[in-house]
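Copied over from TrEMBL:
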type	residues	note
TRANSMEM	6-24	transmembrane segment
DOMAIN	241-396	domain 'AAA+ ATPase'
REGION	313-338	region 'Disordered'
COMPBIAS	326-338	compositional bias 'Basic and acidic residues'
COMPBIAS	460-475	compositional bias 'Basic and acidic residues'
REGION	460-518	region 'Disordered'
COMPBIAS	476-486	compositional bias 'Low complexity'
COMPBIAS	499-518	compositional bias 'Basic and acidic residues'
Amino acid sequence: MTAVEMWSRLGSVMAGLMFVWAMFKDYFPPQLRRHVEAYARKAVDQVHPYVHIKFPEFAGERLERCETFTAIQNYLSGSASAKAKRLKAESVKDSKSLVLSMDENEEVVDEFEGVKLWWSSKLILSQKPTFSLFSSAEDRRFYTLTFHWSHRELITGSYIEHVLEKGKAVAVDNRQRKLFTNNSSSNWGHYKATKWSHVLFKHPSTFDTLAMEPSKKKEIMNDLLRFQRAKEYYERIGKAWKRGYLLYGPPGTGKSTMIAAMANFLNYDVYDLELTTVKDNTELRKLLIDTSEKSIIVIEDIDCSLDLTGQRKTKKQEKEADEEKADPVKKKMKGEEESKESKVTLSGLLSFIDGLWSACGGERIIVFTTNFVEKLDPALIRRGRMDKHIKMSYCCFESFKVLARNYLGVESHPQFARVRLLLKETEMTPADVAENLMPKLDDEDEDACLEGLIEALEKAKEDARKKSEEEEKAAAAEAEATAARAIAEEEAQQASSVEKQENGGRGCAKEVKENGVL
């Protein structure tokens, strides 16, 4: 049989099969057709050595997008862009850039521990119109994973877990960081209302631009990296995967800038918690549950947020309570005022930090900032709650060099020696130093900016000297006044003693005279 005859017969066979298939689809009842197709598929599966796993894009009653599908899409974005010939670019929510994925009916090959497998992307369009608010489940994309049945255990266990972990890691690297703030609980029940509102976090601060001693910065960065990689360690010691940082120091020393640098360094979201808008401890727990992993929860100026130590009533408060009982109008007004105030207690905040609810989720950092660390309750900042205490101090010479590089673009200058000496002799915050280094005019160069800083430092030094002299004079005057009061009291006591003696003598003489002795 010649090649022409062979191709002619093959064509006839194919045409016959197509005719039979058309007759089968057109004339067989749908119920009977489904049974025939099912048995035919089972017959093929007996000799077909490959397994197929389908991952749909949407699932559930409301057809919500599957996290597994998104993770696979992120995982394949690298393989697809390198191997696939037809790609599709999508703008995924919260992603910093476009996500490249396989186009429909495209296939890429992957390999895991020496095992070859295939990923394909398919789209099935619904043939029937729908008027539902949600699209039909048939009109959805899905990924299909194909592999040899002998590797079933490896693929369904280790490989799929590997794909999901890698996909989630890609999503974290590509996501846009957010800055959250808590909403008032009175709005939580509204349509589409959430406990947290957010904007994109675009603060440019990094540890490279942070004005701090290099050794101290390196210590903090290493501590953050150890925390980020310590999931297994925290599980082994039986502790929630979280860490507390207390930032304290005078205003203008860079506490908020430090938080932004931490968020950019770890690629974490930031939750700025305003305690005064939280009604009670229950709402505080709900807010904690609604935070995401890989986040920094911040309470700034915690010493000013709430009176977290006033747990007992003073005598004055008890007297006011008695007056309120006697005056119904005053009691009602007082009740309205208290209903608006936050009832978050120290106990509730401690439970928020390291209680049972703090273990819901993981990889969280809690940061407190304060200007007056001595005002905080010791139970609030003890080790285990605030694990690392970081003092944000006045500007030193190393911090100044970072600011000079940031604001003036200079690494060295003849005036640096004078600045070093003045920084040792006076106290100025990094914020004040930065303000003096910032050019005020377009033609102002680094020489003029440094001269302005030196003048400000000399003025601050002189002001500190005058203040010290005034305090010394005030102390000396107070000491003199104290001494004068002591002398006056002593003279008064002596005069009183003499007067008593004189009165006693006159009384004795009078008594003798009356008795007729004289």
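Glycine residues also receive a Cβ, built from the backbone N, Cα and C atoms like all the rest.
Predicted automatically and left uncurated, TrEMBL annotations should be read as such.
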Average pLDDT across the domain 'AAA+ ATPase' (241-396)?
81
Looking only at the compositional bias 'Low complexity' (476-486), what are its DSSP counts of helix, strand and coil residues?
11 helix, 0 strand, 0 coil
With DSSP as the reference, give the number of residues of the compositional bias 'Basic and acidic residues' (460-475) in helix, strand and coil.
16 helix, 0 strand, 0 coil
